[in-house]
Ligand SMILES: Cc1cc2nc3c(=O)[nH]c(=O)nc-3n(C[C@H](O)[C@H](O)[C@H](O)COP(=O)(O)OP(=O)(O)OC[C@H]3O[C@@H](n4cnc5c(N)ncnc54)[C@H](O)[C@@H]3O)c2cc1C
């Protein structure tokens, strides 16, 4: 009987890259020290492809699932280029790793540290399978040990306090170089069966692949290779970084914002590599408010990762971290299915909401401005359980990220710590951010002849205008589902009721 090979498993999660991957470099060191071979592993975890708790959505819809598959495929190809391979399995990581014990002698397991409660449960189960289990913090720009004035286990409840504190001594670790040759530390001469096959969308979610609508804002293919191309294109080729602050709120156009998020979420690109490129751009081209603002936004991402890990499962509760008292009245959240469908289908009668909802359904993408508008609309105007929206986003968004999604939703729903607790008026938002209706008309062709001054609120067209524009409200386009006051008359938050 041959002795099974000793291996160090590098278990990939949302860190699907070879560059700046500290778990990878630590696993390589460990495997050399323990004379074991490196076994990179990715598991498509069944639990990620079931249905959501409140709204029963498929947790990872076809577009998001495809982006993930592409990212894993690219990772395998990149490992092959440096003399290694990636084992790809489907099931539960703890079971797959347990079963591997009959084929290999596991000396240690390395992985990226995650923060969601589900992931932490999986960690506990995987830990039992090995004498050495190391989790490495990698998802953020700032390492928890470099936060200086901030306790990572107790970050301030307000972003600005966090940002001001970390900016007083801002230190970003340099990215770690990519390994160039892993052939010495790789398992060789094992058949394709050992390494496993890449699943299809159908294999994972039992649904057909969905073709992304040709009106998509950007051709987004998953994987580190595409991520690095996007960085080059956005920062260097198009020079768009230099005007980011002015353009970031435009809902249309490939370079209005960076579109880095899909790759950041799966870890196909490291935020530290981005930071290094931003600093190089500042030296070689220009440093301005836009370059600062890109880092500012990356700090939001960091903040939500730290804060989200501090608040734990409150992130998924309808009341979030909100304590109801005289100042904040407890809302009654609706879960009306037909209203929810109206929002999802983009049939609310508010064009800026509907255009954004059609975009996300057909492409897996929505701009930050759009997300704020539709989330505020669902939670504050339709007064629906905001978790239905968060779960729908989870299913659809190619950039779904647990803390960025759920914490942003909490903010919009007024159950986070946002002291302002704003409501986004969809009429004002459309007028401010899509003044000529270009974005709206792109996604709602039924409104293509509506005059510019009515595009934010087409129900205001006279009967004659409706006939002339072939858009009869109630027939060709829905009547508004809820009342929203004219922007300048937007009601302030109701004064608190005493209980
Ligand atoms: C309701 C709601 C849900 C959201 N869900 C997600 C999500 O699941 N995944 C996700 O990555 N972002 C989410 N965001 C944040 C934000 O909308 C996206 O990060 C951004 O639109 C991505 O586009 P971009 O890469 O072009 O961003 P840019 O404007 O170019 O910003 C650069 C990067 O900064 C980070 N960033 C920017 N804004 C935010 C923010 N508000 N919160 C956290 N990080 C931010 C992102 O990583 C982004 O890629 C959500 C926002 C809202 C309001």
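Cβ coordinates are placed from backbone N, Cα and C, and glycine is handled just like the others.
What TrEMBL says about this protein:
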DOMAIN    6-141  domain 'Photolyase/cryptochrome alpha/beta'
BINDING   244, 257-261, 297-304, 399-401  FAD binding site
SITE      333  site 'Electron transfer via tryptophanyl radical'
SITE      386  site 'Electron transfer via tryptophanyl radical'
SITE      409  site 'Electron transfer via tryptophanyl radical'
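Features per TrEMBL, on structure.
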residue: 244; record: FAD binding site; DSSP (3 states): helix
residue: 259; record: FAD binding site; DSSP (3 states): coil
residue: 297; record: FAD binding site; DSSP (3 states): helix
residue: 303; record: FAD binding site; DSSP (3 states): helix
residue: 333; record: site 'Electron transfer via tryptophanyl radical'; DSSP (3 states): coil
residue: 386; record: site 'Electron transfer via tryptophanyl radical'; DSSP (3 states): helix
residue: 400; record: FAD binding site; DSSP (3 states): coil
residue: 409; record: site 'Electron transfer via tryptophanyl radical'; DSSP (3 states): helix
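In space, 409 is the closest of the recorded sites 333, 386, 409 to residue 300 (FAD binding site), judged by Cα positions.
Cβ contacts within 10 Å of residue 400 (FAD binding site), excluding its own Cβ and spanning all protein chains shown: 23. When the C-alpha distances from residue 386 (site 'Electron transfer via tryptophanyl radical') to the binding-site residues 244, 259, 303, 400 are tabulated, the minimum falls on 400. In sequence order, 248 constitute the residues six or more apart from residue 297 (FAD binding site) in its chain with CB-CB distances below 8 Å. Sequence-distant neighbours of residue 244 (FAD binding site): residues of the same chain at least 6 apart with a C-beta under 8 Å from its C-beta are 257, 258, 290, 291, 293, 294.
Listed in sequence order, the recorded positions among 259, 297, 333, 386, 400, 409 whose CB lies under 6 angstroms from an atom of ligand 1 come out as 259, 297, 400, 409. Neighbour counts were taken at the CB atom with a 10 A radius for the recorded positions 300, 386; the maximum falls on 386. Listed in sequence order, 155, 159, 162, 163 are the same-chain residues six or more apart from residue 303 (FAD binding site) with CB atoms under 8 A from its CB. Residue pair residue 259 (FAD binding site) / residue 409 (site 'Electron transfer via tryptophanyl radical') shows a Cα separation of 19 Å. Around residue 259 (FAD binding site), a 10 Å sphere centred on its CB holds 21 further CB atoms from the protein chains shown. For the pair residue 400 (FAD binding site) and residue 409 (site 'Electron transfer via tryptophanyl radical'), the Cα-Cα distance reads 12 Å. Remark: residue 409 (site 'Electron transfer via tryptophanyl radical') has 375, 379, 386, 387, 389, 390, 393 as non-local neighbours, by Cβ distance under 8 Å and separation of at least 6 in sequence. On the 0 to 100 pLDDT scale, the domain 'Photolyase/cryptochrome alpha/beta' (6-141) averages 96 in the predicted structure. Close to residue 333 (site 'Electron transfer via tryptophanyl radical') in the fold, though at least 6 residues off in sequence, lie 318, 383, 384, 385, 386, each with a CB less than 8 Å from its CB.
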